[in-house]
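Participant: Per TrEMBL, the feature active site, proton acceptor maps to GLU108. Per TrEMBL, the feature substrate binding site maps to THR32, GLY33, SER34, THR35, ASP86, GLY87, ALA88, ASP89, LYS99, GLY100, GLY101, GLY102, LYS126.
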Amino acid sequence: MTQQQLKQQAAQAAIDLIVPQLKPEMVLGVGTGSTVDLFIDLLAEHKGRFKAAVSSSERSTARMQGLGVAVTTLDELAEPMPFYVDGADEIDTQLRMIKGGGGALTREKIVASAARQFVCIVDATKLVERLGAFPLPVEVIPMARAIVARRLQEIGGHVLERAGFLTDNGCVILDVAGLNMLEPEQLEATINDIPGVVTCGLFALSAADVALVAHADGVRRLSRDA
Ligand SMILES: O=C(CO)[C@H](O)[C@H](O)COP(=O)(O)O
C-alpha cells in the first residue's frame, strides 16, 4: 500500500469518527497538509450537516471554499469546537507531535487550542518511538532570524532557514535538526521563550487527544488517556 493510500485511510477514519456526531450548529477546526487535503475532500461531501470550519492556513481555506465548505473565524466562536483535525510530521505514543512541515504551525496551534479534541491523522511512517528525526520547524519574526538561529545553535540545533518561504503570518521558518528531544515539553517551552520566536512545531504541551494511524493492515486508534 502506498503512503498516499494510507493517508487516504487516515482521512477516512476521521470522517468515520466525526460525521456521526455532526450537528447543524457545529464548527470544526481544520489543519493543513496533504493528509488534511484528503480529509477536506471527504468532509465537503457532508457540508450541509455542519455550520462551518475554522481553517489553520490560506491553503486549507482555499480548498474548503473551493468545495463549498463555509469558513469562519475564531472570533465568531461562541464555545470551543468539538474537534480539530490535523496531520503531523512525527507523532510518538504519548501523542506528542512535530508539526510545521507545511509551515502552518502557528495557526495550527492556535486553532487546535480552540477545540476540545485534537484528532491527529497520519500514516504509520509518522509514528515514532522518539521525536526528533524530522527537523523542528520554528516560526520566527524576520528581524530576529539571526539571533534566534544563534540561540538555537547554543542548545545544540543545526539551523537552516527555509529558502524562499514566508508563512501566512509573514514570518520565516527555521528548520532545526539535531535537538535533544528527551523532554519535548521542556524543549517546547524553552524554544517558545526565545524572543523573536512566534512558536515552534513541537506540540508536546498540547499533544493530540486521539491519533488515527493508518497501517497496511488497517487504521489503529491511539488515545492519550488510554
Ligand atoms: O504540520 C503540518 C503543516 O504545517 C502538517 O500537518 C504536517 O506537515 C503533515 O503534513 P502531511 O499530511 O502533508 O504529511
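Every residue gets a Cβ built from N, Cα and C, even glycine.
Are these features on the surface or tucked inside, and what touches them?
Facilitator: Under the DSSP three-state reduction, GLU108 (active site, proton acceptor) is assigned to helix. Annotation for GLU108 (active site, proton acceptor): spatial neighbours GLY31, THR32, SER56, SER57, ASP86, LYS99, GLY100, criterion Cβ-Cβ under 8 Å with sequence separation of six or more.
In sequence order, LYS7, GLY87 are the residues of the chain that are 6 or more apart from SER34 (substrate binding site) and have a CB within less than 8 Å of its CB. Secondary structure from DSSP puts SER34 (substrate binding site) in a helix.
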Participant: Which chain neighbours of the substrate site, leaving out THR32, GLY33, SER34, THR35, ASP86, GLY87, ALA88, ASP89, LYS99, GLY100, GLY101, GLY102, LYS126, have a Cβ atom within 8 Å of the mean position of the site's Cβ atoms?
Facilitator: GLY31, VAL36
Participant: Rank the binding-site residues ASP86, ALA88, LYS99, GLY101, LYS126 by the number of other Cβ atoms within 10 Å of each Cβ, and give the residue at the low end.
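Facilitator: Output over binding-site residues ASP86, ALA88, LYS99, GLY101, LYS126: least Cβ neighbours within 10 Å is GLY101.
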Participant: Three-state secondary structure of LYS126 (substrate binding site) from DSSP?
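Facilitator: The residue in question, LYS126 (substrate binding site), is helix (DSSP, three-state).
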Participant: List those of the binding-site residues THR32, ASP86, GLY101, LYS126 whose Cβ lies under 6 Å from any atom of ligand 1, in sequence order, or write none if there are none.
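Facilitator: Cβ under 6 Å from ligand 1: THR32, ASP86, GLY101.
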